[in-house]
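Undergrad: Got a structure for you, written out below as structure tokens; questions coming shortly.
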Amino acid sequence: MQQSTIGAVYSNFLGQAPDWYKKSIIAFLIFNPILFMADPYIAGWALVLEFIFTLAMALKCYPLQPGGLLLIEALFIGMTSPEHMKHEIVVNIEVVLLLVFMVAGIYFMKDMLLFMFTKLLLKLKNKIALSMSFVAASAFLSAFLDALTVVAVIIAVGMGFYSIYHKVASGKEFHSDHDHTSDDHVDHPKRQDLEDFRAFLRNLMMHAAVGTALGGVMTMVGEPQNLIIADKASWNFGEFFVRMSPVTIPVFFAGIATTFALEKFKIFSYGAQLPQVVRDILTAHSHQQEATRTKQDSAKLWIQGFIGIWLVIGLAGHFAAVGLIGLSIIVLATSMNGIIDEHSIGKAFEEALPFTALLCVFFGVVAVIIDQGLFTPVIDWVLTFEGRSQLVMFYLANGALSMVSDNVFVGSVYITEVAAALEHGHITRDEFDMLAVAINTGTNLPSVATPNGQAAFLFLLTSAIAPLLRLSYGTMVYMALPYTIVLTIVGLAATYFGLGDLTNWLYDMHLIEHHSATLGAEAAAH
């Protein structure tokens, strides 16, 4: 029977997504304008929850299309304006530049990264030690680099491991071309090894992702909102680290202890071992690479290593915006390694650009949150508290809202409100500094609960490796749960019991100094 035009359009709509999913998105699109006319505040929250739903269903359909449709409608009916959406993108231009250039830059360093991490994986046969080293390494790197950059590195490494084994399991040689997205050529006896390897890589990906949160909270370059908070408070790199340390140091060790416990007791889907057959294949690949490595190949690895050193120095020294350093890496890596045709360069951008577009849609949703005042009641309520209870409430409120929204937005909204309170004389400068610590730790730590809380987690969820490892939204939430509980509680306890006393001790030791009452023109105007 010939399909009608409407039927054909419906079939094309969102492609291979399940029928119930298509109908849900259509229902949202019909329902939202009606709800907006009745109650804009509730309609705003409905849009936020619908957007989270599209993220949760990322393995069914990439969130850019359904999320983008919902946002376009929101713009048309007046929930926010294109001008405000553009403003949010401009405010976060460093994150956009980072995604466009830094992730592509990492692509051109993947040979060196795979070489290093293969050595680590094959040398460290103890899974607990390997997991703890992944958490510690990603935490250390995230303290100096951006968390998104570190996750891009981990994804590149994971993809490398996965494609090597998948190629051999499908009956191909190491040097053969292969589509690692299809399991059709994997023999049934090897399927279980493949599933075990997926579980093993899922473990490492989640440990590394949490590591970025543990390290990212410590320094002003670790997360984008840290830069905003440091700018408002006029803190430099060293002062930011010292002021955060009463909370971040106990949390870091609690995070490492959690990794040990999860791997030791094999709970929350952790404890998956690297199958021996996979280890043998990775070892054979490593030996083959070493046997066939030419002087030219060795030179490429050395050059990528030197570029990696420039990456760390450039970011730690704040020589330029993260994205611009990423652009320098693209130029250096491609020119020194002889990659000069447009097609080869274009491949590097395939991974990050869909996510960049999705993040811009997300900034549109943030504009709706601001214009409809969705978080205002929570902010006003938290500002009614005083003393230690206010610190705790700021920490919890930031954490709760960061699980729903983006922690960059939540952190910047709260620090702006607190800066305004200081300008109007409602709080002292010392209280402002303490609240800034509570805001920073609150946005960074509990937000590991959901992929929409941390941009690095969202990047992992929507990356090419997530469907290969069967890493869904629900899986990420479940595997992050023990970390969420431990990091939130330890951070909360450190904020309530230790932050005030330890900050006073830091003043007494002259490791930090009291600031003047005013924030300066930039903070006040912001």
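One-based numbering along the chain as shown.
Just so it is clear, glycine is given a Cβ too, placed from its N, Cα and C backbone atoms.
For 25-45, 52-72, 89-109, 139-159, 204-224, 240-260, 305-325, 355-375, 391-411, 448-468, 479-499, the entry in Swiss-Prot reads transmembrane segment, with the evidence type sequence analysis.
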Undergrad: So, do the transmembrane segment (52-72) and the transmembrane segment (89-109) meet, by the test of 3 or more Cβ pairs under 8 Å (sequence gap 6 or more)?
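TA: Contact between the transmembrane segment (89-109) and the transmembrane segment (52-72): absent, because fewer than 3 Cβ pairs are under 8 Å.
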Undergrad: Relative to the transmembrane segment (305-325), which of 139-159, 204-224, 240-260, 391-411 accounts for the most Cβ pairs at distances under 8 Å?
TA: 139-159
Undergrad: Mind checking which residues reach the transmembrane segment (391-411)? Cβ under 8 Å, same chain, six or more beyond either end.
TA: 48, 52, 92, 95, 223-226, 228-229, 362, 366, 369, 375, 378-379, 381-382, 385, 434-435, 438-447, 449-450, 452-455, 488, 491-492, 495-496, 499-500
Undergrad: Would you call the transmembrane segment (89-109) and the transmembrane segment (355-375) in contact, using three or more Cβ pairs under 8 Å, pairs 6 or more apart in sequence?
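TA: Yes, these stretches are in contact.
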Undergrad: Taking a Cβ cut-off under 8 Å, which residues six or more beyond the ends of the transmembrane segment (479-499) line up next to it in the same chain?
TA: 202, 206, 209-210, 213-214, 246-247, 250-251, 254-255, 257-258, 261-262, 267-270, 388, 391-392, 395-396, 399, 434, 437-438, 441-442, 445-446, 448-450, 457
Undergrad: Please work out whether the transmembrane segment (204-224) lies in contact with the transmembrane segment (355-375), by counting C-beta pairs under 8 angstroms that are 6 or more apart in sequence and asking whether there are at least 3.
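TA: In this chain the transmembrane segment (204-224) does not contact the transmembrane segment (355-375) - fewer than 3 Cβ pairs sit under 8 Å.
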Undergrad: For the transmembrane segment (25-45), give me same-chain residues lying six or more residues beyond its boundaries with a C-beta closer than 8 angstroms to one of its C-beta atoms, as numbers and ranges.
TA: 14, 54, 66, 69-70, 73-74, 77-79, 368-369, 371-374
Undergrad: Which residues of the chain, 6 or more past the ends of the transmembrane segment (355-375), have a CB below 8 A from one of its CBs?
TA: 40-41, 43-45, 47-48, 51, 62-64, 67-68, 71, 74-75, 79-81, 84-85, 87-89, 92, 95-96, 99-100, 401, 405-406, 409-410, 413, 455, 458-459, 462-463
